[in-house]
There are 2 protein chains.
Amino acid sequence: MAPTRYLRSSASRDVNPDLDVERKTPSFDVEKLTTILDGGAENTRVRRAVEAVIHSDPVLSREDKYFLSQNESYEAAVKKAVHLKKMMHQMKWTEAGLESKYCTRALGGEVAFTLHSVFMESILALSTDEQTAKWIPLAENYCILGSYAQTELGHGTYIRGFETTATFNISTQEFVLNTPKISAMKWWPGELGRSATHAVVFAQLYIKGKCYGVHPFIVQIRSLHDHSPAPGVTVGDIGPKMEFNHIDNGYLLLRDVRVPRENMLSRFCEVLADGTYVKRGSEKINYFNMIIIRVKMLSNEVVPTLMKACTIAIRYSVVRRQCELKPGDQEAKILDYQTQQQKLLPMLATAYAFHFMNQYMNELFSKGYREIKQRNFDSLPELHAFSSGLKAIYTEHCTAGVETCRKACGGHGYSLLSGLPSLYTRLAASCTYEGENTVLLLQTARFLVKCLGAAHSGQPVPPSVAYLSAANSERCLVRDKRDFLQPDVYVEAYRHVAIRVLSSAAAKLQALVQSGAEQHEAWHQCTVQLVHAAKAHCHYHVVKSFAEAVEKLGQEAGIQRMIKHLCGLFALHGIFSNTGDFLHDGYISGDQVDMMTASYLDLLAIVRKDAVPLVDAFDFTDETLNSALGSYDGQVYRRLYQWAQRSPSNTKQPNQAYENYLKPLFQNGLSKL
Amino acid sequence: MAPTRYLRSSASRDVNPDLDVERKTPSFDVEKLTTILDGGAENTRVRRAVEAVIHSDPVLSREDKYFLSQNESYEAAVKKAVHLKKMMHQMKWTEAGLESKYCTRALGGEVAFTLHSVFMESILALSTDEQTAKWIPLAENYCILGSYAQTELGHGTYIRGFETTATFNISTQEFVLNTPKISAMKWWPGELGRSATHAVVFAQLYIKGKCYGVHPFIVQIRSLHDHSPAPGVTVGDIGPKMEFNHIDNGYLLLRDVRVPRENMLSRFCEVLADGTYVKRGSEKINYFNMIIIRVKMLSNEVVPTLMKACTIAIRYSVVRRQCELKPGDQEAKILDYQTQQQKLLPMLATAYAFHFMNQYMNELFSKGYREIKQRNFDSLPELHAFSSGLKAIYTEHCTAGVETCRKACGGHGYSLLSGLPSLYTRLAASCTYEGENTVLLLQTARFLVKCLGAAHSGQPVPPSVAYLSAANSERCLVRDKRDFLQPDVYVEAYRHVAIRVLSSAAAKLQALVQSGAEQHEAWHQCTVQLVHAAKAHCHYHVVKSFAEAVEKLGQEAGIQRMIKHLCGLFALHGIFSNTGDFLHDGYISGDQVDMMTASYLDLLAIVRKDAVPLVDAFDFTDETLNSALGSYDGQVYRRLYQWAQRSPSNTKQPNQAYENYLKPLFQNGLSKL
């Protein structure tokens, strides 16, 4: 695993011939596509420069990742994080800069101190200027390390239900924080388990017996002198997880923990010395920050994970040979099987679709940010609904997609050394964190139902739902399979379904209310269908954005042609996988489904040809992929063998199980043991 | 985690009141259902007796499972296996007996020496009487420990492609085994990595330069004296996997390893002293054994895993409360949300559906076994096709179902302590082992296409495909949502779709051949649709068997009523999730889909009421579940906290990461580091 930057050194490498041939005649300029994906050649240059630095630093090597216990992972992550922060400080790379983003990418997101950033962001968002002046310099200089303690053992999504209390004591001018019962323990906050010295803790504020709802408080967790828990604090690690074992997610139990009045973050409300509660300003800007985190997570974590899984699985699938396609021939590359193409290539198309949707989202949110800075909050409900729904469908599709890629690699995909299991187990968390998907989809649905009502009564609606105002088309007019390759055709089909599914859910809702059901009960009875409507809305937007992005690639004919195939593949895969949605009201007929299927299968064969260049364009280094199956050179079997030999299951001698249990068994036999 | 048998001690336990209330008025006799699931009251008695023994033995405790490294897992598994074998020997519990099966169940399948059983079974199936007499007593008494070395690094499914060679040397009367290249290494065999002394190794047999295909050889891997690798043998562990880290899956590289002529297992063919190759008898019986392994795996491993996941997720979902269903009310149990019901209850129905299908399969295979013992192999193609397809859809649905259960538990489902991640990561392997699912489905499809042709030309076809001979119905005649609850209605709908999808794939195949495509190329172009056809065939059979099983429960009215609801839920969930299959040719209309959806949602609410008794009936002990979320008493938060405190991330002191990296950082700050 010597550091290698393949794009600059491929000539000198011993590339598997089966993989090499896949790269001989790409139908487009791969390097150009990379720069488009990076958002410009300058970004590509910076990224590669950062990767060169990161990958040449032995402290930051991830080659032992798959062999570490939870404790070892944690220790390694802290060591790396301290080293990285020092390096960034020396290189003058700022936290908000491009380099920092590329550091995270190069390291596969496996860095500690993520929650420290959230701690700082929350202070910046929620504190007064004086509070910022006190805490931010300490945090920036790592004299303290922060966590963000919101979720409780018994409460996640429903913030109003939190049970931690902060009671104001006028005489001492302090808040007294308490965990009244086990379910009220803070549970999950990253870096709380073993590292953090401080945390922003959310608690129900009580003044003179009256509850004012949930507020943020800065609480010291551990001594700055010897790291022992602060008085009244019980703190620890929540134990092993499916992944993220390098992070010390923690629990926190508070017993009469006292913090000074100044420790309540008071940008939006303050408790005066006499116990008067003062509210000020709008929290909407804070709300927007929460949405922004969701959007960033999609570009920085969710979509790249699917891209990596596609890279590994597709490269492996042209190296792995199995069975004969034609009797008597050499065993065939598994990517030449239609069933393998049908597993992997739609996932590749999904990665591209979501990438282009991200670009669109980033533009939309930049615009939203400009408006909000001018205290115009009109677009907030739309941005919230949009980002919630997209977060849900991105994480759902990408998580399932990564697992599809993993399974498509058969037995070797089950080895941690393939890199695929940890991509899956890591991404699986994203369906829950930053908002549970079903809850988010229902928030999107609530917005959609409202907008549909507005649209029907002729009121103006936000841009992303303007399509609800137009009449719905009745029938798809396609007569030939090739027509299904036209973006107009499939975008319109998705639009039709989005309107139909939403209208149908809204009609049921209305009927229930009219027949006497209470609003909340009617809503409850429609939730399965409302979730469906929210997904259809988001799916339509992704297809539409992808088709629009293809249009914008006009300058690059080869790339445009290829990306248009991917756009078609993404759209038709969605129809193929959900034909019922399109058939339900006769918008398309069974015969048209057959045409669509034919076009879909044709596209698989077309995209197959350029599958390797299309994943090469993502330009992940071998070190970032950290996969025995997915390296640029395709030396799959050699690498699996080499890496396995490094496993502690081989290096740790002697074999205690043999010495203690097997040896006496073999020597005596079971009957005499 | 003191051993507890809840059914006998629930009165004395501190059961969470929210869970307790769920058990107050079940609509059926839970204990009676348990005995039905066990296959009779005597089985239940034996199972509980075995569980009492296993759970009271501290050596067999699994309470540290989630905290162990790969090496620790392996050592613990060997220790437990030796202990268990000794215990079984003393109790006179045979390997083939009921008690042994229940030991495996009680221990969640986490026992070593599984491959040793396969080693013995393969000797019994493939060896002559003399070979059996030599090797089986040694193996039975654990004087040797065996593995089964078939899969190679570069070859899995396609046995003819194996590259390991065994060349007969007449002068020494030995076979000389070799691994000619890296991809030919044996890779994956369980217990090979660190434990086994011997293995049945599959290799291409060469005599006088001629290849006779793949044959089995007994090869000594390690010294019986000191466990060191035998001459010419390179052997080791393949490293960490997604799960099964208690098993030392291994690699094996052979360099001129010599075994005597007698070590080729020679029941079906022999190499004589002069190098003459003699074939004898039929290998079909051996083939049948392979199918039997698949069927057993479904009852013993795959379906119980889904049952466990349902138990954990459903119990947790009545303890966990979140948000308000009605404004101002207490937070609601999450199982009272329609969206949560829609995630979990169809998985519960699937577990029951597959359980009853297993019973049907077991009868079918017992019949097949009787015929085959009389050397009547007529039913073999059908049994093969059936078991292949069912293995594929069982493992696919159960794996996805377990993950659905895990995700439905939100953040806590991501903790290993919930027990859910390891159920998933373990079961995920089943989609690959014992036949990769796509390959298996295509084998089923090949059988179906053949039978369809036979049916069309009036030839007799096996019972499971007799339905292909009957005319296909044209339209579903349902006019009211309640009609969809009639088994006749949904069984017929599944039958219709199975015929349509298969006929359509076969028609495409025929059209391609008629237009000049070669047979193999035409097949290749239809594989995505053929897989679909095989799934539709299997799905139809599961629904049909489930409906028939409901009929047979006539003696138990309460249970029958409840199981009929589950049958309807399973069937309608399948339609709801694949409406396109049913709408495609107008067999059902969009309006009928809406009626079906209404019935489906009604069933969710009905099954919800008895969800807890329905998982209680699976009767898993707390120790078998090994889940902080799923215990009988529902003390979820208390147990999560207690278990977390036992984690090495808390018990291992001091915190080296603090001492080495954080302390200097906090004391100096980043800028002065």
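Note: Cβ is positioned from N, Cα and C throughout, glycine not excepted.
Predicted automatically and left uncurated, TrEMBL annotations should be read as such.
Residue ranges B:1-20, B:61-80, B:161-180, B:621-640 are listed, and TrEMBL annotates B:1-20 among them as region 'Disordered'.
With a threshold of 8 Å between Cβ atoms, the recorded positions B:T151, B:G190, B:E434 that neighbour chain A are B:T151. Counting only the Cα atoms, the space from B:T151 (FAD binding site) to B:E434 (active site, proton acceptor) is about 11 angstrom. Across the domain 'Acyl-coenzyme A oxidase N-terminal' (B:29-144), the model assigns an average pLDDT of 96. Between the CA atoms of B:E434 (active site, proton acceptor) and B:G190 (FAD binding site) there is a gap of 13 Å. All protein chains considered, the CB of B:G190 (FAD binding site) has 23 other CB atoms within 10 Å.
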